[in-house]
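The structure appears right after this line, and notes come after that.
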Amino acid sequence: MSEILTKSRARNVFYGGSLFFIAVFVGLTVQSHNYVVSTTPALTDEVILGKHVWERNSCINCHTLHGEGAYFAPEVGNVMTRWGVLDDPDAAAEMLGGWMDAQPSGVEGRRQMPHFELTDEEKRGLSEFLRWADQMNTQSWPPNDAG
């Protein structure tokens, strides 16, 4: 009869198992937090401004950022690498500003980006936000580098 699971044994199994998995959860949470903090570039005021520009203009309604968002326009999580300006903040701001100023291009039958009335400071902030996003260690996600 000692093989029967009594109420007290069942309670002990439940509490013991619960405590074990809570400890595992807390440990994995701490490990994940430490990993993200150590591999993500630091936020600057320009990056924060760029994130606000990104959100205020609802860029995610057309673009994806690391696979999140709409698939109407190109992925922009790696756009600075594709343009070859990841390591040059001035060239990145100039490239993005020139692209945005040229929109919409007026080419018939092609998806068009609306013209946003952004200041030079906002364009610089947006380029810094996209450079920051491009420098994140996404562990090769999304798998499509073409954008």
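Glycine too: its Cβ is placed from the backbone N, Cα and C atoms.
Just so you know, the Cβ of H63 (heme c binding site) picks up 22 other Cβ atoms within 10 Å once every protein chain is counted. Annotation source Swiss-Prot lists heme c binding site at C59, C62, H63, citing sequence analysis.
The transmembrane segment annotation in Swiss-Prot covers 13-29, and the record cites sequence analysis as its basis. If you look at the transmembrane segment (13-29), the same-chain residues 6 or more away from its ends with a CB under 8 A from one of its CBs are 5.
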Legend entry - Residue among the binding-site residues C59, C62 whose Cβ has the most other Cβ atoms within 10 Å: C59
Legend entry - Listed in sequence order, residues not in C59, C62, H63 with Cβ within 8 Å of the centre of the heme c site Cβ atoms: S58, I60, N61, T64, G69, A70, F72, A73, V76
Legend entry - For C59 (heme c binding site): DSSP state (helix, strand, coil): helix
